[in-house]
Every structure is written in structure tokens, then in C-alpha cells.
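**Q** Below are the features I grabbed from TrEMBL:
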TRANSMEM  25-49  transmembrane segment
DOMAIN    43-304  domain 'G-protein coupled receptors family 1 profile'
TRANSMEM  61-80  transmembrane segment
TRANSMEM  209-234  transmembrane segment
TRANSMEM  254-273  transmembrane segment
Amino acid sequence: MSSPNQSHTKPLPFLLVGVPDLEALHVWISIPFCVTYILALLGNSLVLLAVSLDKSLQEPMYYFIAMFAIIDLIFSTAVVPKMLGVFWLGSREIGFEACFVQVFFIHTFTAVESGVLLAMSCDRYVAICHPLRYSTLLCHPLRYSTLLTGSRTVQAGLLSLARGAGAMAPLMCLLTRLPCCRGRVVPHSCCEHMAVVGLACASPAPSHLYSLVVATLLVGTDSAFIAFSYSAILRAVVRLPSQEAHLKALRTCGSHVFIILIFYIGGLLSMYLQRFPFDLAPHIQVLVADLYLTVPPVINPLIYGIKVKQVQEGICRLLGQLAGHKGSQAA
């Protein structure tokens, strides 16, 4: 977003407001965001270390869980530290390039997580709906299909990353070329897309159209395939011979569905509130967006750490090894 009078000079930084109209409460507002960030760092780091170091967890399913941990660590770290700087220190200034890097990371890793959710749901579909896999389901309801190897899982994650970055790069080009003549104050606690675009004096219609088309294609296509996968899974589960098999299969997919709902419903709610405020107070819009950016990175490790027994055991083994190592050093 270039300045019309500064085409050959370094662009001026932006100033983040924080939560509009609630500046006096910034310290109190920061407490839950700080707690969620610490929990996100600890939870996702433990999950990532457990999957990386425990050989029993080096299977496709757990690679997906590790990908979620990486995405959540990057996603939250791109947003929360600067947000806390605004709340605690009044450090409102953010560089021109840093602001758009933040926008890029938010959008890109949202698209990446959507792609990983799609890959996970498709693999669940193959594992459960393939008739030859029913016996595996009864014995190991959390084990993924052998059709998806570890290398293919990593390739799926890299493909999701390339898709997200490729889709968002043109949007960044459109945004950075918009002339900024309505001040440098961003009425948000981070560089939220619509809040930054609102400072442009030229029509943002091309960037709006592009972002809506990309969001509809990515999110719409991914969510449609995910809905199809879990509909087929539900039909397959109903046909399983025993009640115990029903419960095992439903418990296996229940946590996945919960995370999917949080991700898509929260993302759509945040996006539409920013584009169509519905006469809501500015601080409500900002707080909803902030919650979407900070809460999901905490939920993923909690769900997978609690619901997936193998990951829980891997984390316990990791903590036991760390405790034993410290004890031997102390002795």
C-alpha cells in the first residue's frame, strides 16, 4: 500500500490501535491472549517433539497432527507477540513490510490448515470406507490407511503450503500497490486485511474480488470434499456390525469434526464480520477476529493430546525422559 507522495522513499509504518474504544482495558484484555499463547506454544511444541522423537508415532496420522502443530506455532507467533506489545507496552508501530508479511502469514496458513484438514478427511475416508479396511478399524480405529505413506503425507502438507502461498501472493501484490492517503492508523490489534485496506484512497474492488473468489474456491472446495468424506464415513459406520465398532469409529472422527467446525465456522464468522459489520461496535469485531486468531492454536493440541491415546502416551514418555535427564544431571 504505497503512498502517492512517497513513491521513491521508504513507506511510513502503520500504527495499530489495539481494541478500539477499550484502550484503557488493554492490560486486562491481554491476559487471556497471553495465557492462550503460552498454552499454544507449550501444547504444540510438546506434540511436535513427541511425534518427532517417538518412533511409534512416525506414521501418517501423527504426521498430520505434527503439521497442525507447526501451523499453529507459526500462525500464533505471527500475530500474538505484536498484539501483546500493543497491549502491554503501547508499541503500536509496525513496519510497512512487516504489516503485509503478517497479512500474508494469516491468510496463507489459514489456507494451509484447510488443505491439511482436507487431506486428513480424505485419508479417513479411504481408511474407513474401503471394505478391506474394516477389520483394521475394529482393532485400530485411530490407525490410518497404509495407502498414504509418510512421504506422501509430507508431500500433501507441502502441496497445501504451495497452494496457500501461491494463492495469496497475487493478493499481496494487489494490496501493496494500493495508494494510502487516509492516515496510517489501523483500527485493529494486528494487520487485519480489511482494516488495512480501509486506509486506501483508491478502490479496493480488485483485491476484494480476488480475495472473495480465492476464499470461496479454497474454503468452498475443501469444505465440500470434507463434508462428502464424513458423510460417507457416517454411512459406513452405520453399517458396521457391532455397537462397539460404532462408538470407536465415532470417537475417532468426532475430534476431527470438532476441529473442522471450529476452524471453518470461526473463520467464516470472522471474515463476514469484517466485511459486513452489521452495525456491531468496532471493539466487538476486533475481539471476534482476535479470538479466532488465538483460540484454535490452543484447541488443536488439547484435542489431539487428550483424545488420541498414542499421542498422549508419547507426550508422557517425552516428559518422563526430560525429567529423568534433569534428575541425572542434578545427581
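Using N, Cα and C of the backbone, Cβ positions are placed for all residues, glycine too.
Help me see these features in their spatial surroundings.
**A** If you average pLDDT over the domain 'G-protein coupled receptors family 1 profile' (43-304) in this model, you get 80.
Here the transmembrane segment (209-234) has long-range neighbours at 107, 111, 114-115, 117-118, 121-122, 124-125, 128-129, 163-164, 167-168, 170-171, 174, 193, 249, 253, 256-257, 260, 264, 267-268, 271, meaning same-chain residues at least 6 beyond its ends whose C-beta is under 8 angstroms from one of its own.
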